[in-house]
Amino acid sequence: AGSYLLEELFEGHLEKECWEEICVYEEAREVFEDDETTDEFWRTYMGGSPCASQPCLNNGSCQDSIRGYACTCAPGYEGPNCAFAESECHPLRLDGCQHFCYPGPESYTCSCARGHKLGQDRRSCLPHDRCACGTLGPECCQRPQGSQQNLLPFPWQVKLTNSEGKDFCGGVLIQDNFVLTTATCSLLYANISVKTRSHFRLHVRGVHVHTRFEADTGHNDVALLDLARPVRCPDAGRPVCTADADFADSVLLPQPGVLGGWTLRGREMVPLRLRVTHVEPAECGRALNATVTTRTSCERGAAAGAARWVAGGAVVREHRGAWFLTGLLGAAPPEGPGPLLLIKVPRYALWLRQVTQQPSRASPRGDRGQGRDGEPVPGDRGGRWAPTALPPGPLV
């Protein structure tokens, strides 16, 4: 057949139709008057034999077709090129779990972030309540058209306010009744309220400071604020999604992120957003001359050091329609073009679950508290405050 095709190429009609000009399949069919011979010519004419490169992996078989190929996968494998084991999770596959994936003996299973439920295909995730995490309303997050007002914050961004009404730190709404912030911020004042983007103020009835927080070193500088009543979704705000470390490392961190936080403009805290990309620990450590631990992460963004950031800002990443929290800004970054060092929130996923799922045992907030090193907080009056110990169990 090969020699026959070669001879035909130099016959006037086929040479004119298919080599001097681009021909269509029907024109070649008129020359050969035979489907099998036409198909063999057409595969060569349209790019040769794709199966020659052995694109089907894991012992899959390949069948050439016009302008392409088709793989038949061996048992236990699937995907266009048979690259995916049916029992394993593969972050790069487009037809896999929309949110979280768990490998199994025969097949993987999917689950969804808070407020989402599995679709009929058992892979997609659909918001099913008003407080579904990581969703953005139509009002988010640009300036009102024709207005010079401040940029609207993400719906999970909140401010921390003291008893005198002064905003002093930022925080992140991770559930309708829990705000994540730094332990340092949570210890600054005894009386704390949370102010949402709609200027609703919610009293903090208790605080959970990580039991391994070290004020001197800044290790484990995280705290959860337990709100006296939940945020009214979606008007007052929406929580961001949280993720485990494996999902964050393999799926989220390779993607670009957004640092959404608060910066100082005079005495006012105004929202600011900055596109960031993940920086590998070794590179970040060299740039900052610091040790990057498993509980910290680095991000790089243009002119990040030019703004006066307030602690409690958050790095979020969008994945298939939902926004996930990957980093918490613990302190103002140094001036200059260097990367930002943040608290790696997914490393605290177990601690977050322990706190949010237990009965409320947080420290009550009086009008007078204990500052760091046990000194009274100036300007506040009333009761006493101390960090809450978590129930026995593993800590991350």
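Even glycines carry a Cβ here, placed using N, Cα and C.
Owing to the predicted nature of the structure, the values given are computational and were not obtained by experimental measurement.
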*Going by Swiss-Prot, point out which residue in Asp64, Asp221, Asp235 is annotated as (3R)-3-hydroxyaspartate.*
Asp64
*Can you check which of Ser53, Ser65, Ser193 Swiss-Prot annotates as O-linked glycosylation site?*
Ser53
*Choose one of Cys51, Cys82: the cysteine that Swiss-Prot connects to Cys62 by a disulfide bond.*
Cys51
*Pick from Cys73, Cys97: which one does Swiss-Prot say forms the disulfide with Cys82?*
Cys73
_Say which of Cys89, Cys112 is recorded by Swiss-Prot as the disulfide partner for Cys101._
Cys89
*Swiss-Prot pairs Cys185 with one of Cys141, Cys169 in a disulfide bond, so which one is it?*
Cys169
_Of the cysteines Cys110, Cys125, which is paired with Cys112 in the disulfide recorded by Swiss-Prot?_
Cys125
*Can you name the disulfide-bonded residues among Cys56, Cys71, Cys185 whose CA is within 10 A of the CA of Cys82 (disulfide bond)?*
Cys56, Cys71
*Out of the recorded positions Glu33, Ser53, Cys169, Cys185, Cys284, give me the one sitting nearest to Glu27 (4-carboxyglutamate) by CA distance.*
Glu33
*What residues, ordered by sequence, lie under 8 A Cβ-to-Cβ from Cys101 (disulfide bond) and sit at least six positions away in the same chain?*
Cys89, Pro91, Tyr108, Thr109, Cys110
_Residue among the modified residues Glu27, Glu30, Glu33 whose Cβ has the most other Cβ atoms within 10 Å_ = Glu27
*When the pLDDT values for the domain 'Peptidase S1' (135-357) are averaged, what is the result?*
89
_Rounded Cα separation (Å) that holds between Glu36 (4-carboxyglutamate) and Glu30 (4-carboxyglutamate)_ = 13
*Cβ packing number for Cys125 (disulfide bond), 10 Å threshold*: 23
